[in-house]
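A quick write-up on the structure given underneath.
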Amino acid sequence: MESVMDLNNVILLNREATEQASDARAVLARAYDLLGDELVLASSFSVEDMALIHIACSIVERPRVFTLDTGRLHEETYHIMEEARKRYPIRLEVHTPDRAELESLLREKGLYSFYESIENRKECCRIRKVVPLQRALSSCRGWATGLRSAQSNTRLRLAPFELDTAHGDRLKINPLHAWSDDDLWSFIRENGIPYNSLHDAGFPSIGCAPCTRAIQPGEDIRAGRWWWELPEHKECGLHQ
């Protein structure tokens with residue numbers, strides 16, 4: 001199989017995807033055609049990720065899915081993780097922070113250093129998310145995400161296919177890139193897909209418990225993530 005890990009081929013893939021409009025299944029199916037079992041779904045078990053898992057299971061028998069258990073997730077997130085594992089025939093890979101590195105951080109800076117500065121918050125995200133992500137991606141040539149352009153200003157230029165130069169020129173696939181909130185929730189309801197109960201409590205975006213709050217009417221959907229920081233800083237380093 002010819003490699004797809006170069007910019008020219010990614011441009012061609014995006015041209016194909018543009019012709020398909022917002023057909024998420026077609027985008028993901030094309031990725032599976034190219035990568036087969038070397039494609040893995042990244043999942044925090046958000047409503048987007050549940051939609052992505054549902055679509056993947058209509059394309060392949062047992063899709064690979066990885067999740068990053070930071071050790072500080074909401075209890076509701078663990079519940080939906082277990083529900084997804086029971087309902088869908090996924091091969092779930094759970095990646096956790098390096099124990100020694102995490103213990104060193106907690107010993108030197110305590111439990112809540114991320115509130116003190118952007119540098120501290122990014123350090124916490126690096127240990128709990130970025131390093132485990134690198135481990136998760138070591139066994140694949142491409143990864144699919146539930147990212148959508150409508151989620152934040154930092155994601156407005158999202159494309160269905162991207163060359164992930166930050167992680168060894170892997171192919172990064174964003175099948176839901178063009179979906180609106182209405183598109184997403186219509187798909188969830190029409191297909192009876194389970195989702196994290198926090199979404200019904202005002203949490204459109206869900207991360208670690210200390211770094212996520214419910215939003216108020218009229219706020220940006222990612223306003224509840226790292227709410228003490230400016231919008232341009234509200235990424236954890238997973239999606240660059």
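Cβ atoms are placed via backbone N, Cα and C, with glycine included.
Just so you know, TrEMBL annotations are computer predictions that nobody has curated.
Per TrEMBL, the features are as follows:
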type	residues	note
ACT_SITE	Cys236	active site, nucleophile
BINDING	Cys124, Cys125, Cys208, Cys211	[4Fe-4S] cluster binding site
DOMAIN	39-214	domain 'Phosphoadenosine phosphosulphate reductase'
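All chains included, 21 other C-beta atoms sit within 10 angstroms of the C-beta of Cys125 ([4Fe-4S] cluster binding site). Its own atom aside, the Cβ of Cys211 ([4Fe-4S] cluster binding site) has 20 Cβ atoms within 10 angstroms in the protein chains shown. Of the listed binding-site residues, namely Cys124, Cys208, the sparsest Cβ surroundings within 10 Å are found at Cys208.
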